[in-house]
């Protein structure tokens, strides 16, 4: 398929046309969204204009699509986590590497000390993190708590590296980009939420097949998210950390060529995931096998959830997301660097 018909218009491929996990949303979505959104807004992290744009992104929808089978309490954990992610994301996007290093240190200190008051003059992300984790650990096993903190430290350090790349205008190649993107996307701590009520031992989660399935789902999430976010990111001059720009630079191709490359790469990942899911899962006995099945299905569902949210929220396509999901053609936005901390408003553009 030709994915660009002019320099100003391009086609967004549907990489999940045959993905077997359908859209599924948690029945507690509206109720938990109300509570988590009010909690996130209570910190005053953004100015009114940016807060309005942030709310339109509906990160609670992402959590409700990603955790459709979780209880109301654990869905609240997922919603709070998504909101916490994107507070850090929006601040780090416009901060110097030095400031992002400090933000990451504050977050990790708050995770390790959820009952200790934060300094009054500290960056707001510290208190957001502390409150999130203090509530989350009430419904998480000890193993899940440990894994979450380990995964979140890797995530924060990758965001620091991303800030350094941005500061130096450094464009990675595909392999090194995906290696870092697997961390910056936040999938690893997000996957731990799937385990919070499970008793899976470390040796199960460290098994090569489980690790491969986790990596494959993460890569598909990365590619899908980068496809959706590319237009907004290139418009605000923040597209160096995006697979479309990476592929264009490495292979000397245009947007059409980059989209074609991503489609083919995504298809390989999809085939590998489905083969392992259908043929490669070991058995750990009648007590653990149902948990493993639920966890791996959660990985597959996360791929669908991320893609659906990209179109159903207003983060990347404004109010036109559902229309674009159907027609797939979009106009390339004109470059305009965002001035405010917070998601870029896109409804005024001719998407």
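Note that Cβ sites are derived from N, Cα and C of the backbone, with glycine treated the same way.
Model, not experiment: these values are computed from the prediction.
Straight from Swiss-Prot, the features:
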SITE      86  site 'Plays a critical role in the stabilization of intermediate cation'
BINDING   89  Mg(2+) 2 binding site
BINDING   89  Mg(2+) 1 binding site
MOTIF     89-93  motif 'D(D/E)XX(D/E) motif'
BINDING   225, 229, 233  Mg(2+) 3 binding site
MOTIF     225-233  motif 'NSE motif'
BINDING   315, 316  (2E,6E)-farnesyl diphosphate binding site
Inset, instruction - Please name the residue among the binding-site residues 89, 233 whose C-beta has the most neighbouring C-beta atoms within 10 angstroms. - result: 233
Legend entry - Among 225, 229, 233, 315, 316, which are recorded as binding-site residues, the nearest neighbour of residue 86 (site 'Plays a critical role in the stabilization of intermediate cation') by Cα: 315
Legend entry - When distances run from the Cα of residue 316 ((2E,6E)-farnesyl diphosphate binding site) to each of the binding-site residues 89, 225, 229, 233, the nearest one: 229
Inset, instruction - Would you mind listing the long-range same-chain contacts of the motif 'NSE motif' (225-233), meaning Cβ under 8 Å and 6+ residues beyond its ends? - result: 12-13, 15, 181, 185, 239, 241-245, 259, 262, 306-307, 310-311, 315-317, 330, 332-333, 344, 346, 351
Inset, instruction - Determine how many residues of the motif 'NSE motif' (225-233) DSSP places in helix, in strand and in coil. - result: 9 helix, 0 strand, 0 coil
Legend entry - DSSP residue counts for the motif 'D(D/E)XX(D/E) motif' (89-93), split into helix, strand and coil: 5 helix, 0 strand, 0 coil
Inset, instruction - Whole-number Å only: compute the distance from the Cα of residue 229 (Mg(2+) 3 binding site) to the Cα of residue 315 ((2E,6E)-farnesyl diphosphate binding site). - result: 8
Inset, instruction - Tell me the Cβ neighbour count for residue 229 (Mg(2+) 3 binding site), meaning other Cβ atoms within 10 Å of its Cβ, over all protein chains shown. - result: 19
Inset, instruction - Within 10 Å of the Cβ of residue 86 (site 'Plays a critical role in the stabilization of intermediate cation'), how many other Cβ atoms can you find? Include all protein chains, please. - result: 21
Inset, instruction - Looking only at the motif 'D(D/E)XX(D/E) motif' (89-93), report the model's average pLDDT. - result: 90
Legend entry - residue 316 ((2E,6E)-farnesyl diphosphate binding site) CB neighbourhood, other CB atoms within 10 A: 26
Inset, instruction - Enumerate the residues of the same chain, 225, 229, 233 excluded, that satisfy the criterion Cβ within 8 A of the mean position of the Cβ atoms of the recorded Mg(2+) 3 site; list them in sequence order. - result: 226, 227, 228, 230, 232, 242, 316
Inset, instruction - Count, for each of the binding-site residues 225, 315, the other C-beta atoms lying within 10 angstroms of its own C-beta, and report the residue with the smallest count. - result: 225
Legend entry - residue 315 ((2E,6E)-farnesyl diphosphate binding site) to residue 89 (Mg(2+) 2 binding site) - Cα separation in whole Å: 13
